[in-house]
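Some features that TrEMBL has for this protein:
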DOMAIN    23-306  domain 'ABC transmembrane type-1'
DOMAIN    334-540  domain 'ABC transporter'
TRANSMEM  23-42  transmembrane segment
TRANSMEM  62-81  transmembrane segment
TRANSMEM  138-156  transmembrane segment
TRANSMEM  162-180  transmembrane segment
TRANSMEM  240-269  transmembrane segment
TRANSMEM  275-295  transmembrane segment
Amino acid sequence: MKKNNVKYSELLKIFKDLRKEQVFLFFICSISVIANTFLVYQVQGLVDGINNSIPFKDLVKVFYKILFWGIFTFISELYQVKRWHYFGSKLINNMRYKMYKSMIRKPIKFFDSNTTGDIASRVLNDGSSIAESAGIEVLMFILNLFKIAIVMIVLFSFNIKLALIVLIILPIYYLLLVKVNKNMRDAYRDERKAFADMQQLLIENVNGIVNIKTLQKEEYFSKKFDNAVNKRYYSKIKTVINLQVTVAAINEIMTIFLPVMILILGAYFAYNKEITIGTLIAFYTYLASLVEPIANLTDYYQGSKQALGAADRVYDFIFDAEDNDKKEEFNCDVEKIDINIEKFSWSDKTILENFKYKIEKEDRIFIKGESGKGKSTLLKLIMNFYDISNGEITINDKDISKVKESSLYDNILMMTQEPFIFEGTLKENLLLGDNFTDDEIAKVAKVACIDNLIEEKGIDYEILEGGSNLSGGQKQRIALARILLRKPSVLVLDEATSALDKTTEKSLIRNIDIYLKENGITLIAVSHNNEIETICNKEIILS
């Protein structure tokens, strides 16, 4: 995993649009801190009043003050907890949306070089870690500093000697935790990567469950998952746990021994009449409330390391977005495509070399070649899915690598062997949020041979996840109709009819032929079936 050394200040900038809400939440929480401080202060007055035998009516006044501040503290605490939860959920969802929006705009090559599980883990888990730290915990950090400052001012007003002892010990406590936490960033990054690998394995097994069961390999894959969980992931999480336990041990020492030490010294000062019993109780109470924000500061430090570890994994999402705005546009039909590939390699294997070809408007190109000779790769290069380091492909004399994706895909659309069908209605799968008339839908439905499906099931037929209630051929024809609705200048087909029976394929190809002529569309096709070759006028042979 590449280490990008993201700075924490860069993470904070991600949530600048929520800064007003953070300020409001800080204001609400500050009121709660001040109210709680006043409440403890009033308790001290009550104890000293009883100890000094002040008149009962004065004790009643103190009691009413305690009651008022108690109710006010309760209401403010309740309200700020509610606001915290609302803000936290909003922040995490906001981050997930930003991550998804960045992901969906990535070039195809990004998805080829990252597993589904890893991408999902980065969007849902790592994104949340960053939001919790840079959006929520940074606010808690400021609030805890505020609380520490308020409490220390009160402690110094009670007794300078005791307050100085606390002031000396607290920085030592903090520095110890910082020292322990210095390895947290790497530990969390490794743990997140192991988690993503485990998640990817789970996704693969779910997707391949039919083969796993029919081949009776449940035990084999159970062992693989056991190895991923109990060996690889456990070894990483164990490192994190060990660091967390060390932090917890230091916290316990502070929580137990510091208050006890202050209580003993305070009792000595009270015995010598340097402080009152009420002051001692208040001091002890304030001290307990001081340990928590100090511990929270170290949690913030630990969380920031976790966030930075996560940020290293999602760097490509939030800091390395491609600058698509500076690319060119073209708003006219594709008149010609010039392909000049000196050499294209993938994983150190040369796929295409010294390949040149010119495609004119309304050409019908059929690409032939044995498996592994680069037929599908050539289509992907025309679609600008991958960068060409040695050579170029131009459309209307414009290098496609310098053309905006939106502009390119307004003119060229590709259908693959395994089309994308999502859970929703048949109509939603066709429109994808765009507006087309019923007549337009009916026309392409007939071309794509799904008119019978629509008549039988209805245009609002509910398609299940992944199109599981459709045949492979129906999914391919729906995907083709979706593309034809948008009337691209260039139609690219990669084994687009592989799941069709011969009769349906012949009807479909005949309809496509007519549709291409009517709309002046260029065709580039790859297929192991020769039916589509019958409507092509040129061929490319890759050998």
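Yeah, the Cβs are placed from backbone N, Cα and C, and that goes for glycine too.
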Among 62-81, 138-156, 162-180, 275-295, stretch most in contact with the transmembrane segment (23-42) (C-beta, under 8 angstroms):
62-81
Count the CB pairs under 8 A between the transmembrane segment (275-295) and each of 62-81, 138-156, 162-180, then give me the winner.
138-156
Grab the same-chain neighbours of the transmembrane segment (138-156) for me: Cβ-Cβ under 8 Å, and only residues 6 or more beyond its ends, written as numbers and ranges.
12, 22, 25-26, 29-30, 33-34, 37, 41, 162-163, 166-167, 170, 283, 286-287, 289-290, 293-294, 296-297, 300
